[in-house]
Each structure stands twice: as structure tokens, then as C-alpha cells.
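A.B. asks: Handing you this structure, nothing more for now.
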Amino acid sequence: MSQQVCTSDDAEERQTRHDVDSDALSTRGPGGEQSHTAQHASEEGLSGHQCDDEYSFFTTGEKRLAALCGGLAALMSPMASQIYYPSLNEIARDLHVSNEEVNLTMTMYLIMQGLAPSFVSDLSDNRGRRPTYLACLFLFMGATLGLALQNSYAALMVLRCLQAGGSSSTVVLANAVVADMITSQERGAYVGYMSIPPQAGPTLAPIIGGLLGQFWGWHSVFWFLLVLSSLVFIVTLFFLPETCRNVVGNGSIAPPAVLRCLTNRQVDKRVGERYGAFDVLTAQKEELAARRARMSKMPSPWTTFRIAIERQAGFTLFFITMIYSSYSALIALIPSRFGEVYGFNQIQIGLTYIPFGVGSLLGAVTRGTTIDARFRHHAKRLGVELQNNRDMDLSEFPLERARIEVAVPFVVLASACIMAFGWLLQARVHLAGPLILLFVIGYCVNASINTLLVLLVDIHQKQAGRAMAASNLCRCWGGAGASSAVLPMINAIGMGWTMIVFGLLPIVSGPVLYYIVTKGPEWRRQTREKQMGEKAAAAAAAGSA
């Protein structure tokens, strides 16, 4: 028998709201009065007027625009990271340091790239995505200007860390924006749509970096990044709407004036047509007061660390880290090894990243369709009817299986190609062999990691920013260790055996995925029961008071 599932992961809270008269809940209307129940909804970051059945008040076009704006901002992270690679040898020469010391700047970049979102995600979940985006881009632009003007190793190290702090958070925020607007059954496609700009980064960045470094010196790389980030800042300022559900609910609550953009005009028009005229300064006075109280909280990284070590997310993050470490080791060795084996200059080294970038981009374009197709397959098998823009209770759904079975084939193929890549370079074969493998590795690594990230957001839909920050923390710190270890390992045991070690990391960790599939649904049920118990206890305490 087919069953229609249209409840959110806070089903019990929605049922409570359903039992209250809709007129009593209205916070936005001609009269401008707000009831006691509406005030309680406001304190939870919700508004009574928002449609309980609509997950998002944004139109399809507005969702796509927001996802694209988020993706453009997220482009800064891979662009800043990989545009730097072709110039590593020249930077070492100009600053009179060794290749290992220059690689240390990459390691520190990854460490900061992992740490910064732990603070930013908490800020974005409480105060909104939009102001956090703009602050991160502003920090990135300031650090990039300093990098374009400096000529010392110490300044390079410090400013690259600041640059990482600004750029890395944009990736976390982009995924959080998608989670704010898109339900689980459609999330794969929108994550793929959002991923197109950042996945184009690995293709474009090395080429641009190689050309700029070869003809105008490595400082020109940072001048280019400054111009690009300024353009992205302008696009974000004018077109990215606030989507944080703690601030605007499903999008139908008007954000504070400082969080508004051009998109809000169309949203306000539809809200007015549906709910009538309203006065923000009177009808939503209590709601805005509750929002300001929530915004006064100081950001804390501890919620991110808690997500990283809890069993629901921890095992998924562990496996993601193993894949990312293998990928980071491979990327880090390309400039020095291709320069040594094939005698390449900066432009040629930059061109070798094209196959990897094209594979990553293709993975971003095609992955979402496969993820959503497997979700629909399991829904049909269980007799669950899916509806667009309607969230569903995932407590009994085999969510882990639906996501992980998409990732496993790509993980196996990526590992095999990483191991083969090392032996081909050691054998000094024709360039075509390593480049073909880089294409396959790019496609498979992107498809596997981002499929598992969709699972992570599904599990922590209410804390998407923090969940992605936990992922960033684990991935980047694992990648930092791998990128700093790969060259010493090559010097000690050779290229082939080094890549055998890194290629085996995901394979050896494979049983973790089986454990997630078998235990994941039980963990989610236990977490949901615990949350319901805590809410019931809090409600009882409030009633007795």
C-alpha cells in the first residue's frame, strides 16, 4: 500500500502546530497583532503564517539562483587553493626556501581551511547565511591583497592561512544554502547544480595560474584572485537571498533590512498576495526581538566538534577523510614529480590538472541525477509517495543504503587508479597514461565524496552548516597530513609504493560503510526519540512554571 510521507524530521513539533487554530498562529496580517502561540513560534525561528506543508517558499528559479550564487562564492576555495600549485617551484626559488617548506604553506592552508568553518558555521546557523558569506568574502579579499604585495615566506604563510579562513567557509555555506531550501528527495540534483562552479575550479585554476605565473610572475596570481573575488562579492551582495531557516523559516518570513537583496522583492510580493499587507515594525515586533536575541549568541566551534565525534556522523566523516587524504597526496605531488619526470614548466604543469578538473566537473553534473534516482528507487520499493517541496520523515527510510550504494563503485575505482598512477609515474611512461588516470580519479573522487556529503546533510538537516563544517575540518586536516607526508614518503620508499599506501586508505576503511548501512537507521531513530523526550520535558517544565 502506498503511503504519503510529508512530515519533517521534527514531526512532533509540526503536529503540535497543526493542533493550534491557524488564526491564532497568524503573525503577519492586516491587524498586525501577534498571539502568544505565534510568539513561541517566533522564538523557534518559525512564523505562523508560513505554510506548514511547504518546505520552501522560494520558487524553482529562485532556488537555482541561490544555489548558483552559493556555488560562485564556493568557487573561491578551489580557485585559491589550486591556482597556487603551478607556481610552487618558482615561489620556493624566489623566497629562497625548499620545496618542502613551500609545501608546508599548503599544509597550513589546509589546517586553517578545516578549522575556520567550525566558527563560521555556528555563526551562519544563528545569524544567517548572507552576512556570513559577505564577511568571509571580505576577509578573503583583504588577505589576497596582502599576498599580492608581500615578498617574504613568513607573510606568505600567515596570509595564506587568513585566505583559507575566508575561502573555505564559502563551500560550507553553499551546502547549507541548498539544505535550507531543498528536501532530501531533490537534494542530489541541487547539490550537483551548486557544485558546478567550484568543480570548474580544479580545471581553470591551474591553467590560469600557470599562464599568469609564467608571463607575469606568481604575484599576478593573487591580483587575479582579488579581482575575481570582488566580482563574486558584488553578485552575492545583490542576488543571494537569506535562506537560513532560523532567520526566515521556509523563506516566507521577511529578513531584517540588512539581510535583504533584490530577490526579496519578489518574495515579499508573493507573501503579500497570500497573507495580505503587513508592517514589519509592528506585526513582527516580537519576532524580530526573538531573532535579535538569537543573533547575540557568540559563535562556538564546539558544536562542530561534537558532530565530528558522534557516531551518526563520525563514521561517515572518517571514510570521507580517507578518500580526501588520498586525493590530497596525489594533487600535492604533481608539481614536483611532473617537473622532474617530464621537465614541465609552470604552464605545462598547470595544463596537467585539466583532466582532473574536467573529471570533477563531469562528476558534479551527472552525480546528482544518480543520487536522486536511487532515492526514488528505494521510495518506490517501500511504497512511499514523494512530493516536490514536501519534506519527509526519514526515520524509517534506508537513507544510508540509498546514498552509500551510489558511492561505493566510485570509491573502488578511484583507489585502483590512484595506486596505478604512482607506478606509471615511477616507470616514466608516456604522459597520456597518467593524464587518463587523473580524469578518472577526478570523476570518482568527486562523485564519492559529494554523495557522502549529501548523506551527512540528510542526517543533520537542521544543522547543515555545522555538519559541513565538521566535514571540512576532518577532510582538510586529513589532507594536510597527507600533503605534508607525500614527498618525504616518495623520497623514502618511492613513488609507486607511496601511492599504494594512499590508494589503500579507502579500501581498508571500506567496512566502515557497511557498518553505517546496518546501524545508521537505528542511530537516527534513537536520536529522534531522545530529541522528542527532551522537547517533551522542556514543554512540561515550561507548563509547570
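Including glycine, each Cβ sits where the backbone N, Cα and C put it.
The shown structure was predicted, so the numbers you read here are calculated from the model rather than taken from an experiment.
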A.B. asks: If I go by TrEMBL, the feature transmembrane segment sits on one of 107-126, 347-366. Which?
C.D. replies: 347-366
A.B. asks: Transmembrane segment per TrEMBL sits at which of 73-94, 469-490?
C.D. replies: 469-490
A.B. asks: Can the transmembrane segment (347-366) be said to touch the transmembrane segment (406-425) if we require at least 3 CB pairs below 8 Å and skip pairs under 6 apart in sequence?
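C.D. replies: Per Cβ check, the transmembrane segment (347-366) does not touch the transmembrane segment (406-425).
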A.B. asks: Please report, as numbers and ranges, the same-chain residues at least 6 past the borders of the transmembrane segment (496-517) whose CB is under 8 Å from any CB of it.
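C.D. replies: Long-range Cβ neighbours of the transmembrane segment (496-517): 315-316, 318-319, 322-323, 325-326, 329-330, 398, 400-401, 404, 407-408, 411-412, 414-419, 421-423, 426, 482, 486, 489-490.
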A.B. asks: Counting Cβ pairs under 8 Å that sit 6 or more residues apart, are there three or more between the transmembrane segment (221-240) and the transmembrane segment (132-149)?
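C.D. replies: They are in contact.
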A.B. asks: At an 8 Å Cβ cut-off, counting only pairs 6 or more apart in sequence, do the transmembrane segment (469-490) and the transmembrane segment (406-425) clear the bar of 3 or more pairs?
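C.D. replies: The answer is no, given that the two segments have fewer than 3 Cβ pairs within the 8 Å cut-off.
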A.B. asks: Which sequence-distant residues neighbour the transmembrane segment (132-149)? Criterion: at least 6 residues beyond either end, Cβ under 8 Å.
C.D. replies: 70, 73, 76, 80, 120, 123-124, 155-156, 159-160, 162-163, 165-167, 169-170, 173, 219, 222-223, 225-226, 229-230, 232-233, 236-237, 240
